[in-house]
Amino acid sequence: QVETLKAKLLEQAQEISRLRSEQGGTDAEKHRDLLAAENERLRQEMKACEGELRELQRQQQAPCRDCPHLQENARLQEQLSQLQREAEETRAKLVELDLEVQQKTNRLAEVELRLKDSLAERAEEEERLSRRLRDSQETIASLKSQPQQIKYIIKTVEVESAKAKQALCETQSRNQYLLEQVGMQKQVLKEMEQQLQSSRKTEAQLRAQIMMYEAELERAHGQMLEEMQAMEEEKNHAIEEAFSRAQVEMKAVHENLAGVRTNLLTLQPALRTLTHDYNSLKRQVRDFPLLLQETLRSARAEISQAIEEVHSTNRELLRKYRRELQLRKKCHNELVRLKGNIRVFGRVRPITKEDGEGPEAANAVTFDADDDAVLYLLHKGKQVSFELDKVFPPQASQEEVGATSHTAGVKGGGSHLLLTLLCLPQVFQEVQALVTSCIDGYNVCIFAYGQTGAGKTYTMEGTAANPGINQRALQLLFSEVRGKAADWDYTITVSAAEIYNETLRDLLGKEPQEKLEIKLCPDGSGQLYVPGLTEFRVQSVEDINKVFEFGHIKRVTECTNLNEHSSRSHALLIVTIRGLDRSTGLRTTGKLNLVDLAGSERVGRSGAEGSRLREAQHINKSLSALGDVIYALRSRQGHVPFRNSKLTYLLQDSLSGDSKTLMMVQVSPAEKNTSETLCSLKFAERVRSVELGPVSRKAELGSWPSQEHLEVLKTLLVPFLFTSPTGRGHASPSPGQLSSRSASIRRKLHTSG
Ligand code: ADP
Ligand code: MG
């Protein structure tokens, strides 16, 4: 047994050493070795990298300015930095691995410690076993010394010892197993305890919660009880109240019932009357449609009668309106006729810088304070007087006063206003009546006559800031047309022409050099027209301005010296106004001819030759033709020499018949111009004086107003024409009380008896 035990012991020792060697090769150790090897490899690699790095740095430091491998260098540097980064990473990895190795070593030490412990245990076990062995040997020795029986027992024991030993081993292993079981059970127990503890904790929490809930429940129960109590009380109270109320109501209902009963008794007769009323109403409703129809019929009849009456009144009014219109036109014509169909005005321009200084520029023209138709010219020391229809002094403005103001003063009988207005010398105001008569279908000519520089263009065209007759006339036309737009449709067209050396040219046409001809209308009306003359339709002042500008540009581009040229040609602006009365279908056509004549100065008869002489001859011819025509017209001669010049031929329609003509004779007041001024004024007087001639007087009388008109005029004007403030007849009126205009009219009335 001892031997076998020893052998077993040896075997176990061997087993232990084997186990130890085996343990030395555990996973951890293998891993450690592997890591150490990896570590070593990485170290090697790092060293190699560093070597490479050094090599590269050395290369970089080497001067290589002209090195052709700059790109290569950059690439290498890039690679270098890459490698450095890698080295850095590797280093970090290395540190990590070191740490891991450290951890592994620690674990290994732990395992070794545990191994030592188990070795010590094993030694103890051995000790114990050897002790038992000794005991057993001693027992064996003592037993050997005992008698035979004992030997037997020993033998039995020996035999049984193996069994015991086996049992021992089994017991040991069982013990081991049980121990393990106990360990496990302990572990389980520990866990169970922990669980128990946590459940206890939970239980405590739950208990606390339950308590809380119970308390809450208790409270709620109490509250509910209280509420129930209150509700019970309330209910009782409400029942009581309802009961008492019901009793009261019941009483009231009873009372009501009694009242209703009495009411019922009294209402019965009312019901009877109501029924009666209802029946009668029903009858009325039945009859109502008939009644309505009848009423409607009568109302309709009344309305249609009223409409008929309104219609007839309207017709009457329209008839009256037309009659009034006719009358107004007649009156207007009469008024213009009263003033003369051909009127001659004089306008004296102010002395200008161009007139120079000294005696040459002295003023030679004076006026009559009491008579606005007279002016005096100092010529060669003698004062010559001239009488025209009206004279505008230098201070006369271009401006316009409202078209009606003149006559409004007369109608209203406001003598002061009348006098004030008559005293104001405003050029356009005098022209207004002529312009408006164009709208009624009359032809009008306005001429500016005079020597060059006397103010013809100023009067006709004016300046941008102070426009002349042309602009103002068109503006007036537009405003008049607008005022009549309710009944009339008007179209206004404008043409501009020039007559130079007896040649007619279109100023608005595409071919200004083209000569235009004046022809008879092919329709047999005897009217004249100019084929090819451009007409622009104008609708606003802006349109006119555009037309004027266009004409101006044409004129400027066509001649080298505009001033010179314009003084040698007649400029015509022809405005045609066509109207249609929408209610009557009446059509009217009026023409307004605005003529800036060529300079009337006489060109030195001896000096002039060639084209200058031809120009002068043409101008002279056409101006004297104009004078002749006006003279013939004014003296009502049978033959009017229209064909003697292009100008008069072109304007034939606008000079003859019912047409109205205004001759604005422009003069310069300067001393140096007196002979030309004298000529112009003589021309003016010649044209105008016709009505005083013995032949024309008869004819003129025909054009004077009828006796009836004279009566009206007298009643209007006599109060401040023939009465003096003192009441003595024919006494000379105080200055300022008589306007120059009224003096002129008085003279006319005297002349005509
Ligand atoms: P015409 O056309 O007869 O040759 P203009 O109209 O050209 O003469 O006038 C000559 C000059 O006299 C211009 O400078 C003009 O401005 C000026 N003039 C003419 N009339 C007047 C006036 N009534 N008031 C102020 N200046 C005038
Ligand atoms: Mg001019």
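Positions of Cβ are set from backbone N, Cα and C atoms, glycine also.
So that you can see what the record holds, here are the features copied from TrEMBL:
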| type | residues | note |
| --- | --- | --- |
| COILED | 2-146 | coiled coil |
| COILED | 189-241 | coiled coil |
| DOMAIN | 341-690 | domain 'Kinesin motor' |
| BINDING | Gly450, Gln451, Thr452, Gly453, Ala454, Gly455, Lys456, Thr457 | ATP binding site |
| COMPBIAS | 734-743 | compositional bias 'Polar residues' |
| COMPBIAS | 744-753 | compositional bias 'Basic residues' |
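In this view, Thr452 (ATP binding site) is surrounded by 18 other Cβ atoms within 10 Å of its Cβ, with every protein chain counted.
Around Gly450 (ATP binding site), the C-beta neighbours below 8 angstroms that are at least 6 residues distant in the chain are Lys456, Leu597, Gly599, Ser600, Val665, Gln666, Val667, Ser668, Ser680. When averaged over the domain 'Kinesin motor' (341-690), pLDDT in the model lands at 84. Within the same chain, residues at least six positions away from Gly453 (ATP binding site) with a Cβ under 8 Å of its Cβ are Glu354, Gly599, Ser668, Asn673.
Proximity of the binding-site residues Gly450, Gln451, Thr452, Gly453, Ala454, Gly455 to ligand 2, judged by a Cβ distance under 6 angstroms to any of its atoms, singles out none of them. Other than Gly450, Gln451, Thr452, Gly453, Ala454, Gly455, Lys456, Thr457, the residues of this chain whose Cβ falls within 8 Å of the Cβ centroid of the ATP site are, in sequence order, Arg349, Ala448, Tyr458, Ser567, Gly599, Gln666, Ser668.
According to DSSP, Lys456 (ATP binding site) is assigned to a helical segment. Its Cβ taken as reference, Lys456 (ATP binding site) is surrounded by 29 other Cβ atoms within 10 Å in the chains shown. Residues near Ala454 (ATP binding site) in space but far in sequence (CB under 8 A, at least 6 apart, same chain), listed by position: Arg349, Gln666, Val667, Ser668, Asn673, Glu676, Thr677, Ser680. Around the Cβ of Gln451 (ATP binding site), the number of neighbouring Cβ atoms within 10 Å comes to 21. Counting every protein chain shown, the number of other Cβ atoms lying within 10 Å of the Cβ of Gly455 (ATP binding site) is 22. The Cβ neighbour count for Thr457 (ATP binding site), using a 10 Å radius over every protein chain in view, is 20.
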